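According to Swiss-Prot, the protein carries these features:
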{"type": "ACT_SITE", "residues": "Asp34", "note": "active site, proton acceptor"}
{"type": "ACT_SITE", "residues": "Glu200", "note": "active site, proton donor"}
{"type": "CARBOHYD", "residues": "Asn192", "note": "N-linked glycosylation site"}
{"type": "SIGNAL", "residues": "1-19", "note": "signal peptide"}
Amino acid sequence: MYSLLTALSVPLLAGLAHGYANPGSCSGSCNVHDPALIVRESDGKYFRFSTGNEISYASASSINGPWTAIGSVVPAGSKIDLSGNTDLWAPDLSYVDGTYYCLYSVSTFGSQDSAIGVASSTTMELNTWTDHGSVGVASSSSKNYNAIDGNLLVDGSSYYLQFGSFWGDIYQVKMASPLKTAGSASYNIAYNATGTHSEEGSYLFKYGSYYYLFFSSGTCCGYDTSRPAQGEEYKIMVCRSTSATGGFVDKNGNACTESGGTIVLASHGTVYGPGGQGVYDDPTYGPVLYYHYVDTTIGYADDQKLFGWNTIDFSSGWPVV
């Protein structure tokens, strides 16, 4: 979820909690940025996707690993005719009617000239992916949003695409299928009114009677050359609603469209800047929050970021790791 670097607004820091669990174990190939996780229906094999190398991906027998690198989803680059179409970002995986869909973003750092594309495969094996190009969501400087960081929610027979990074922050649009929008207008579902609007990387997850909108906020990248003030680095936040299409509020009742958001996971111990998250209902561990983070004992460079995961406790109605 590359974006403009910025500071997290002071209002969003309210409610910061401590005592987070350390990340679960990871062995094998554990360096990732913006991970996406899915398990193959036919055999239970785990697949993990990441920003870079035309969407790199790896497989393992469990979420712990050992992770083995496979290759790239779109090795020739996206057919979307925009700068950045050979350096794809922010994968998101879904499974619909026997087919796996991998969303990706085409953009360049700090630009609104962006689009969300999709590739599909029935097996997720190397060289089986078909690139379909744009899903119909794109942006330029004339838009209120930046069309990156797509996330598809499959809710029964309905499909919703969450997307956005900075500018107008998080938007949603109805999809006709995992491949194309329904042609309706997009609408804002989360917005930080302060600073340069540091929200991105949304992930909408249904659990029980609520839809939980997870997102990353703060400065994401480049920590090896310049680190933000304490508390202004990446962190994972959430709002919830009984509707998939809006009305998201934080734990204090603040609207997510009015700078609301409850912190789920922030820097702690040797874990720094967790973000780029998703949620998966694991058959062994139950709901799991996965993300990338910096291990401060290893290094702060983007290519040193690691795959992290924690189980989520929803018993209070709010996610706790």
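If you go along the chain as it appears here, the first residue is 1 and each next one adds 1.
Every residue, even glycine, has its Cβ placed from backbone N, Cα and C.
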Q.
Among all protein chains shown, how many Cβ atoms are found within 10 Å of the Cβ of the residue listed as 'N-linked glycosylation site', not counting that one?
A. 26
Q.
On the three-state reduction of DSSP, what should I expect for Asp34 (active site, proton acceptor)?
A. coil
Q. How long is the line from the C-alpha of Asp34 (active site, proton acceptor) to the C-alpha of the residue listed as 'active site, proton donor', rounded to the nearest angstrom?
A. 11
Q: Give me the Cα-Cα distance between the residue listed as 'N-linked glycosylation site' and the residue listed as 'active site, proton donor', rounded to a whole Å.
A: 10
Q) How many other Cβ atoms sit within 10 Å of the Cβ of the residue listed as 'active site, proton acceptor'? A) 29
(Q) Validating a neighbour-count step here. Other CB atoms within 10 A of the CB of Glu200 (active site, proton donor): how many? (A) 30
Q) Which of the three DSSP-derived classes (helix, strand, coil) applies to Asn192 (N-linked glycosylation site)? A) coil
